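Here the structure comes first, spelled out in C-alpha cells, and everything after it is commentary.
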Amino acid sequence: MNTLLTFSLPLLFSSLVWSGYLEYDQDVLIPDDWNHGGRVDPTDQLELTFALKQQNSDLLESILGLVSDPDSGLYGKYLTLDEVSSLVRPSKLTQKVVHHWLQSHGITNCRTVHTQDFLQCSMTAADAEKLLPGSNFHRYTRDGHSVVRSSAPYSVHDDVHEHLDFVGGLHRLPPKGQDLSQASSHREMKQSEAGVHLGVTPAILRARYNLTAADVGTAQNNSQAVAQFLEQYYSPADLAEFMGMYGRSFQHLSQVDRVVGTQGQGKAGIEASLDVEYIMSTGANISTWVFTNPGRHESQEPFLQWMFLLSNMSDLPWVHTISYGDDEDSLSTAYMMRINTEFMKAGVRGVSLLFASGDSGAGCRHLGKENSFRPSFPASSPYITTVGGTSFKNPFKVTYEVTDYISGGGFSNVFKMPDYQASAVDGYLKTAATTLPPQAYFNISGRAYPDLAALSDNYWVVINKVPVPWVSGTSASTPVVGGMLSLINDQRLLQGLPVLGFLNPRLYKLKGKAMFDVTEGCHLSCLDEQVQGKGFCAAPSWDPVTGWGTPNYPELLAALLAE
C-alpha cells in the first residue's frame, strides 16, 4: 500500500497545472502509534520551512573532500559561515521567484538564515493549503505530544518547482525515543543468564579505551555539543549527581555551558540524560552545548530546526553527536539529498558530525513475499561519521569487545559508496564472501556504515536523581566517541593545528590503525527462512556492523596528531 500510494500519485495528478510534487517518494502514511486528533482549524497558525535551491553544491562537495583529506594541501583550511554563504546562497532569481510566490498568497511573516537557503514562514492552515495544493493538515498526538502534519502529499506551482528542494513541516513525524522499560527489557534475558553485571560507567570506559586521569580538556577554544529532537530534556541536577558519583577520578565540568533552544517541562528524558552525561564524562572538562527543541511549534520538524540553526550560527561547537534516525525508505530523496548538503556545509566549516547507527541491526523491510534489509538515515549519509555498538565479551570484566546484536549497519539504497571507503568495503566483501547475506537483501554498491563503534550495552545513567542500570543502544556509544574526538581536537588546538572536521577520509586512511578490531558476532535482521534473523557479521578490519572497531585512545590521539 505504501509503495502504491507514493508512486501512483504523481501519475494521477500529472495532467493538472499543479504537477509539481517536490517529494513524490515521501511516505505520507501516519504510523499507528499516532492518534488522529482531527482537522486543524483553518485559522490555526502553522510554521513551514522552505528549502530554497542552492548554488554550487558540487563545488561544496569538492571543497569538503579537499579540507578533509590529510594528503591535500588544503587539509584543515576550513571556510567561515560567510564563505559558505557566498558559495551556496540561492540565486537572485530563485529568491525573487519564491518570495513573490509567497507574497502573492499573502504570506509575509518569514525569517531567513545567514546562508539564505531556508525560509521559515508563519501562515494560517487555510493559506498553507492554498499555497500547497494537495496538502491537508491534521493534528496527531502520541504520549501527550501533539504535532500538525499533512495526511496527503503536497505540490507546488510549476513556476517555483525548480527553485525549491522541499517544504518542511508537512510530513516526517518525530521518531519515538526509547523509554526506561525498552532500554532494559531487551537485555533482561542476557542479564538473568549472566548474573550480576555492574555495567558501564565512565571509569569502565576510561579503562577499556586507555584514557588516563590526565586525558581531559584544557584548550580555551574547544567545545562539543549534543543535539536531540525528541520531546525530552536533560536535568542539570541529574548531571551534577552523575558527575559526583562517577566523575571523581578525573577533572570535569558538572554543568552544560549553553542550551540552544527551549527545554521541555516534566521528567528528564533518558536519551537526553545519556547523551549529556557521557559526552561530558568522556570529553571531560570541555565546554558542552545542548541543542534542544527550539520553542518547537506543532508543525515544525525538530531535526530540520537544528539544521536551520547551524546555517545561522557563526560560532559552533567542533563536535556534535546526534542519536536520531529514520528508515531511508520513509524519507523523500529530495529531502535526504538536501540534508546531505547541510552536512557538507557543516563539514567545510570544520564541524565533526557523529550520528548513531541505530538499534535495529541491518533492519528489515517487508515487501510482499520478499524481504530486504532496511538502512537508516542519516546513518547512511556519506558526509557524516556513523557510530555502531559493541558489548564486552565477558560481561563481568573489562575484556575485548564483540558485536552488540542491535548495532545498526549495512548499505544505503540511496547514496553510492564514497571513494574514501571503497577499498575497505571491497576488502570486507571479499573476506566475508562465504558468509554474506543473499545479495537481494542489500545494495552492494551503496554507502556502507558504520565507520567505527564503541560500547553500547548496559550503561549506568542518572535520571530523576536515581542511578539506573542497563541503558543500551548506539545512542550511548555515539557521545562516547564524540567525547574522545573532542579530546583529540583539544590537543590539536593546543598545538596550533586545525580541528579534525569531517573525520571519515582520514579515518579510512588509517586502515584500522589505533583501533581495537571487533571480529566476533553478528547483528540482527529479518526473521525469515533465508537469513533467520542474522544480518552482517563482524570480520577482521572494516565491517558493516562495527566499522573499523573501537578507539584505542592514546594510539588514535597519536595517529590524529601526526601531520
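If you go along the chain as it appears here, the first residue is 1 and each next one adds 1.
In case you wondered, yes, glycine gets a Cβ from its N, Cα and C as well.
Listed in TrEMBL:
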- Glu271: active site, charge relay system (ACT_SITE)
- Asp275: active site, charge relay system (ACT_SITE)
- Ser475: active site, charge relay system (ACT_SITE)
- 199-563: domain 'Peptidase S53' (DOMAIN)
- 1-19: signal peptide (SIGNAL)
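Annotated features, which come from TrEMBL, shown on the structure.
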| residue | record | Cβ within 10 Å |
| --- | --- | --- |
| Glu271 | active site, charge relay system | 26 |
| Asp275 | active site, charge relay system | 29 |
| Ser475 | active site, charge relay system | 31 |
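Regional average pLDDT for the domain 'Peptidase S53' (199-563) in the model is 93. Cα spacing between Asp275 (active site, charge relay system) and Ser475 (active site, charge relay system): 7 Å, rounded to the nearest whole number.
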